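Taken from TrEMBL as is:
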- 90-212: domain 'Phospholipid/glycerol acyltransferase' (DOMAIN)
- 12-39: transmembrane segment (TRANSMEM)
- 308-330: transmembrane segment (TRANSMEM)
- 336-356: transmembrane segment (TRANSMEM)
Amino acid sequence: MGLLAFLKTQFVVHLLIGFVFVVSGLIINFIQLFTLLLWPINKQFYRKVNCRLSYSLWSQLVMLLEWWSGTECTLFTDQETVAKFGKEHVVIILNHNFEIDFLCGWTMCERFGVLGSSKVLAKKELLYVPLIGWTWYFLEIVFCKRKWEEDRDTVIEGLKRLSDYPEYMWFLLYCEGTRFTETKHRISMEVAESKGLPKLKYHLLPRTKGFTTAVQCLRGTVAAVYDVTLNFRGNKNPSLLGILYGKKYEADMCVRRFPLEDIPQDEKEAAKWLHKLYQEKDALQELYKQKGVFPGEQIKPIRRPWTLLNFLGWATILLSPLFSFAFGVFASGSPLLILTFLGFVGAASFGVRRLIGVTEIEKGSSYGNQEFKKKE
């Protein structure tokens, strides 16, 4: 085992990475708070500033995937589609099977210059998660309670507010509403059977309201829908903890572009279109299981250095005073100071672990266990 491989497995190194992410995130959130003063003066400038501040935080997670673990992401698509990446507003539909599916999406956003301006339809609980939810608030992310009767007006208002967004944005939709588990899948397929819909093997039944509303509200702004079907070679099921330990994965993403004008404007027809899309996604996953590849040309976008440079910059700024402070604490010989410092380290470790826990499938929401039984 080389030195770098050894360091990747050490808890103290993970703690330092977490320290840089958390403290830099708090600094960024503090700066974002003051950018609210820009909103009434120049809304578009406020948005551009916050895109770059958000990039400085999110790119640290992308750095872990690309540079720390060395995970490779391969696109299965065509050059004509790739040529449009980062040059148009789009809605992204991604399957929600893995703990790091969002991270694979973010690394593609980063490589095509839209990481800072990327959007998502997120569950409202995330708004209260430090760093993640706070940063999203300043990015005008649309939050929902996943109860359409309560969400309708909020979602429509939030989507329409993005119609004049100055940076090209990729708006992510997890149409399944929650991460795939066997329990949720079983209940979902019972609902599919009761509604006379074809059963899916690798996906949950898609929730159509969010999709049809997003397409309707963003029509005229968004140019296309990108359908992204993700899987990992070797039947791997990666985790954010695995990434932190430096485990390398190979992600494959089949990307299909659908011009927005090809999607029906009628809500019921658009819902049928989405159900058909998920049947096609299911067929793509079956093909991948059999052959180990998706159809289409294999394209590996070039990894950019900015995520690494951004992290190294923050690490230089934040770790130097931390090391000096720690040295001073232990040099003082004061049991009270030392115990206080160790208590801080323990609390920081707990906080970082809690943040990682947000991504874990077994700690995901119960949404879907009961909600699929209700009428959409």
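In case you wondered, yes, glycine gets a Cβ from its N, Cα and C as well.
Fair warning: this is a prediction, and the values are worked out from it, not measured in the lab.
Mean model confidence of the domain 'Phospholipid/glycerol acyltransferase' (90-212) amounts to 91 (pLDDT, 0 to 100 scale).
Long-range Cβ contacts of the transmembrane segment (12-39) within its own chain (Cβ-Cβ under 8 Å, at least 6 residues beyond either end) map to 45-46, 49-50, 53-54, 56-57, 60-61, 64, 68, 130-131, 134-135, 138, 244-245, 311, 314-315, 318-319, 322, 345, 348-349, 351-352, 355. Residue counts for the domain 'Phospholipid/glycerol acyltransferase' (90-212) by DSSP state, with H, G and I taken as helix and E and B as strand, are 58 helix, 17 strand, 48 coil.
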